[in-house]
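TrEMBL has this to say about the protein:
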DOMAIN    6-116  domain 'AMP-dependent synthetase/ligase'
DOMAIN    238-314  domain 'AMP-binding enzyme C-terminal'
Amino acid sequence: FSASKYWTDCLKYECTVAQYIGEMCRYCLASPPSYADNAHQVRMVIGNGLRPQIWEDFTRRFNIQKVAEFYGATEGNANMINATNKVGAVGFIPFIGEPFYPVTLIRVEPDTNEPIRGANHLCIKCEVGEPFYPVTLIRVEPDTNEPIRGANHLCIKCEVGEPGLLVGKIIKTTENSFSGYVEKSASEKKIIRNVFHKGDQAFNSGDVLIRDEHNFFYFKDRTGDTFRWKGENVSTSEVEAAISNIVKLKDCIVYGVEVPNTEGKAGMASIVDEAGDLDFDKLCAGINKQLPAYARPLFLRVIKTPVSLTGTFKMKKNDIQNEGYDLTKVGNDSLYFNEGSKFVPLSQELHEKITNGIIRL
């Protein structure tokens with residue numbers, strides 16, 4: 001994939017529909033303007049990974065009439081598509097079709113992500129009646145991603161506008177079956193039992209979504225990426241998108257890091273700045289304006305080389321997250337601490353004051 005040649009290729013081969021995945025749309029937006037931006041004939045793009053924060057900028061710059069963003073996984077059964085051009089939505093389930101599609105949201109404990117069950121020991125849906133198309137959102141504990149269950153021991157379906165875990169009821173049909181993985185233990189980890197009724201099973205997508213009053217679904221975060229700070233859930237996806245927009249669409253990774261003598265995880269952002277032109281004042285001002293206090297990263301790492309990508313054009317964050325704000329593990333990268341009004345270099349002395357609790361976060 002080449003961001004600078006993407007539209008040139010579309011023009012060359014007279015494409016009318018194009019595909020994207022992961023961060024491809026952001027890379028195209030970050031590329032210098034070209035005559036091919038509007039000279040192509042592409043009327044629609046289809047894929048997944050177009051962030052809501054850049055959706056309209058992307059369609060406006062490249063004159064795209066329609067975006068068909070979809071949600072799905074090769075092994076999953078909770079799949080959907082936004083075929084109506086709704087900005088930011090990853091899928092839509094019409095109310096009339098709910099009874100036929102077993103994908104839903106259930107309630108989970110906010111601290112453990114365990115399903116909340118009702119008196120009957122089944123999971124509790126996040127709202128409305130049980131769909132015939134059993135794909136829905138359920139409540140989960142944010143720290144453990146386990147479903148929250150009601151008094152009936154069933155999962156709890158999320159209310160409109162409430163983040164929840166996307167699950168798909170496992171039914172022996174072509175659309176809703178779950179064949180699992182080669183390793184049985186891996187398959188077991190993706191199955192939630194007693195969701196809608198005692199004895200039933202549902203596929204755990206591992207993703208947190210939100211649905212609106214019209215039943216459009218919006219991606220919020222991966223369950224393992226969301227973290228809690230100051231008693232609030234922080235969506236790394238939303239913070240990454242906000243920061244990337246502030247810093248001219250540079251690559252940005254956000255994650256939570258443990259700090260001694262504190263509860264939850266403090267936010268940390270890593271920004272790729274190969275050109276060395278990162279504007280720290282603009283970054284701090286933008287963060288303070290666009291993000292609530294609990295979601296503002298306290299630590300910043302400036303990375304001087306590109307971050308490795310997955311096969312689906314998503315940035316790999318595990319190694320960077322594991323290195324945290326440890327001065328001995330970041331190599332030639334620079335670390336900073338957010339004092340509220342500005343980012344200051346994270347010296348060894350400042351690091352010790354933070355870890356020893358002298359500086360309260």
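Every residue gets a Cβ built from N, Cα and C, even glycine.
Unlike curated entries, TrEMBL annotations are predicted automatically.
Confidence in the domain 'AMP-binding enzyme C-terminal' (238-314), given as mean pLDDT, stands at 92. Assigned with DSSP, the residues of the domain 'AMP-binding enzyme C-terminal' (238-314) fall into helix, strand and coil as follows: 23 helix, 19 strand, 35 coil. As a summary of secondary structure, the domain 'AMP-dependent synthetase/ligase' (6-116) carries 34 helix, 30 strand, 47 coil according to DSSP.
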